[in-house]
Amino acid sequence: MFENITAAPADPILGLADLFRADERPGKINLGIGVYKDETGKTPVLTSVKKAEQYLLENETTKNYLGIDGIPEFGRCTQELLFGKGSALINDKRARTAQTPGGTGALRVAADFLAKNTSVKRVWVSNPSWPNHKSVFNSAGLEVREYAYYDAENHTLDFDALINSLNEAQAGDVVLFHGCCHNPTGIDPTLEQWQTLAQLSVEKGWLPLFDFAYQGFARGLEEDAEGLRAFAAMHKELIVASSYSKNFGLYNERVGACTLVAADSETVDRAFSQMKAAIRANYSNPPAHGASVVATILSNDALRAIWEQELTDMRQRIQRMRQLFVNTLQEKGANRDFSFIIKQNGMFSFSGLTKEQVLRLREEFGVYAVASGRVNVAGMTPDNMAPLCEAIVAVL
């Protein structure tokens, strides 16, 4: 039976990590997978996380199963982070949150819930987007369509093309938006553009699904939620798949959340019971450790202050690396203008490098980036910047 199975293609991002590990060149540089690295090239455990873990080590009394939807305090903290403390939506009990195995788990839970319990057949994602979006929705039996997003020539959001292509989306279609730090372009709508999209989506009858993996990495925790909150103010129904991998550095703990919003508390309770049924048939209930860490930090003023400062430090380091990257490329004699990179948000930059140039970077210089030309700015350090920029200039 198994001998007739053909091998799956390597994952475009995680497969790159395998190649990087196997590369024995000492000066190799990994700008592929989206993890934060500090000035020394390490992915650190945050101080706030260590302190929360110490607290849990001393105070945890059981390893019993969690409920299907996870830790209640985690859900409460997640909703406040997304919609703001004192949000009308929270006060009216219109939101329910399930703790999930990472942001990917949240997307799959949302996809399974929609496929089984609604008339949704199509999900619209931006072109380009995170490659795994298509796999997740297709695996749940949903069709994936693309809407225009990026103006490659001007390195900007092509908002007119975005609106035009979404004119094809029908009432009852799901439209997926990146909450902030669009992956892979790093280009986000302005608040005014978010409000236009929110208004349009109400008029057209789309169900908004927000993929929110980078809250705090663009401008700040509150500022980065502006787009989502513009939608929440106008929409009776929406779904948010959020992740704590990046902003808490909890990559391998798989801490995510799927938040369902409906018109009233009775409707959301009914719908959420079906979301829990989808979870029960998938992984039964979530693991406790990472979510306990997040809930401990977010509900403790002292720990939260440490975490917010650490998040600010990470965001500012990435912004410094963007500036240094652009300056160093110029110093090394790049024959094109890369200043657009400074305006992008989050970990990634859509560099404009071609597949061929990316391949040459890897084979000739040991510099690893995704074939689309997406580079992880958080993988850059003052030490690797000069060789990196020399390699890029050599392949231009």
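Keep in mind that glycine also has a Cβ here, set from the backbone N, Cα and C atoms.
For R374 (L-aspartate binding site), the same-chain residues 6+ apart in sequence whose C-beta sits under 8 angstroms from its C-beta are N183, P184, F348, S349, F350, S351. Annotation comment: Swiss-Prot describes G34, W130, N183, R374 as L-aspartate binding site, evidence class a large-scale study or a structure entry.
Cβ neighbours of K246 (N6-(pyridoxal phosphate)lysine) (same chain, under 8 Å, six or more residues apart in sequence): G34, V35, Y36, A213, Y214, F217, M347. Summarising the annotation, Swiss-Prot assigns N6-(pyridoxal phosphate)lysine to K246 and lists experimental evidence as the type of evidence.
Listed in chain order, the residues near the L-aspartate site other than G34, W130, N183, R374 are I13, P184, M347, F348, V370, each with its Cβ within 8 Å of the site Cβ centroid.
In three-state terms derived from DSSP, G34 (L-aspartate binding site) belongs to neither a helical nor a strand segment and is classed as coil. Within 10 Å of the C-beta of N183 (L-aspartate binding site) there are 21 other C-beta atoms, taking all protein chains into account.
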